[in-house]
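Asker: Not my notes, these are from Swiss-Prot:
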type	residues	note
SIGNAL	1-21	signal peptide
DOMAIN	49-96	domain 'SMB'
DISULFID	C53-C72	disulfide bond
DISULFID	C70-C84	disulfide bond
DISULFID	C70-C72	disulfide bond
DISULFID	C76-C83	disulfide bond
CARBOHYD	N77	N-linked glycosylation site
DISULFID	C84-C91	disulfide bond
CARBOHYD	N160	N-linked glycosylation site
Amino acid sequence: MWGCWLGLLLLLLAGQAALEARRSRWRRELAPGLHLRGIRDAGGRYCQEQDMCCRGRADECALPYLGATCYCDLFCNRTVSDCCPDFWDFCLGIPPPFPPVQGCMHGGRIYPVFGTYWDNCNRCTCHEGGHWECDQEPCLVDPDMIKAINRGNYGWQAGNHSAFWGMTLDEGIRYRLGTIRPSSTVMNMNEIYTVLGQGEVLPTAFEASEKWPNLIHEPLDQGNCAGSWAFSTAAVASDRVSIHSLGHMTPILSPQNLLSCDTHHQQGCRGGRLDGAWWFLRRRGVVSDNCYPFSGREQNEASPTPRCMMHSRAMGRGKRQATSRCPNGQVDSNDIYQVTPAYRLGSDEKEIMKELMENGPVQALMEVHEDFFLYQRGIYSHTPVSQGRPEQYRRHGTHSVKITGWGEETLPDGRTIKYWTAANSWGPWWGERGHFRIVRGTNECDIETFVLGVWGRVGMEDMGHH
């Protein structure tokens, strides 16, 4: 009984296999020719690359060809041809019977010879014979890297940020960072050590915006201006002035004022130093972002930094008064805001935490790697997904950000990860509404190496005036 059923089952499977084979043969016989409009990729090495020439009909003697299938068997050389472009020359030693396409096919349209299209950050150019040649630059948005990060157990998720699409990794490093690493003299400046009181315990989580509501400002967007030195400095100073004035002054300070006017050893949208930025804020001061708005997100090393449009004079006791009207003609208030000298904190996480909790957000230098641009959410740490790739895929540069808090999170695998919360200067569309979390206590990306604090210059007359 079971033998009969087994025989019937095998017979049925054999019949289905034969039917599928016939359908495959019919599909090939009924398919339109590949070269009705001429041979695309006429210089392509298909049969030759595989050293493949088959007699008669051999459906397995096939290769992928521009989204279709081409063959290297004699059967392909019939009225309706589905031969690979080099079949006639390589297998038969004769010229092909079809002319090469004068142009290249992409996305359903034909491009003329020397026509171009962009594939992410790489330009592809059509050459004679119908084949494309594309640049091989590493792109800032790397879909393969996104997949590798999200498959791994790294504690954070990567994503495609449309504002970065079409940029090379080199352009991201050149235009989206912009803090020049301090000189050895500055890096060796004395640290101010913060001592925890006996029995003092810091909370497991803290966020500046919760302690000082309405006094912590949201991230701005530096665009393709390599000016993180100005944006992070203005961001920390804005919060510190707001906190130290007890909310009597709550300016969003102008990065453009620094970019255009702080020109001593600074390079505007081509990069700058933090010590120079804090010197300018202490000695000259800046106005609000409303008064002197950012000129545009497309400033870069190829465009000159706009000239300085704010000037001031000394009033005595180190204070400054503006002598220029606001570049934004719709704003009347041209008040100058200043700070005291910046000071460096120790690299111990508890010292940074205590300073942040008592006096407000701090500024941190960090090394940005190729995967950081793709950050979407979670607790960031630099991943090894680019190891083993050529050097041009493994780039890094110096950046500066504003640290606003800290916390801990238990991951699905049971690990507890400590983190900093920081504000970037790439706009609210990036990361966690413009912010990111990064592993705390291990000096991840050197973020605990060079941390600065500052006091807003606030007097009683300022409190009354504002």
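The first residue you see is number 1, and the count goes up from there.
Glycine is no exception: its Cβ is also placed from the backbone N, Cα and C atoms.
Describe the structural context of these features.
Answerer: Shown for the domain 'SMB' (49-96): DSSP residue counts in helix, strand and coil, namely 11 helix, 11 strand, 26 coil.
Counting only residues at least six positions away in the same chain, the Cβ atoms of Y46, C47, Q50, M52, C53, C54, C61, A62, L63, C83, C84, F87, C91 sit under 8 Å from the Cβ of C72 (disulfide bond).
Neighbour list (C76 (disulfide bond), Cβ cut-off 8 Å, at least 6 residues apart, same chain): C70, D82, C83, C84, F87.
The Cβ of N77 (N-linked glycosylation site) lies under 8 Å from the Cβ of C83, F87, W88, L92, each of these being in the same chain and 6 or more residues away along the sequence.
Counted within 10 Å of its Cβ, the other Cβ atoms near N160 (N-linked glycosylation site) come to 12, all protein chains included.
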Asker: Taking every residue in the domain 'SMB' (49-96), what is their average pLDDT?
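Answerer: Mean pLDDT for the domain 'SMB' (49-96): 91.
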Asker: By Cβ count within 10 Å, point out the most packed of the disulfide-bonded residues listed: C70, C83, C84, C91.
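Answerer: The largest 10 Å Cβ neighbour count belongs to C84.
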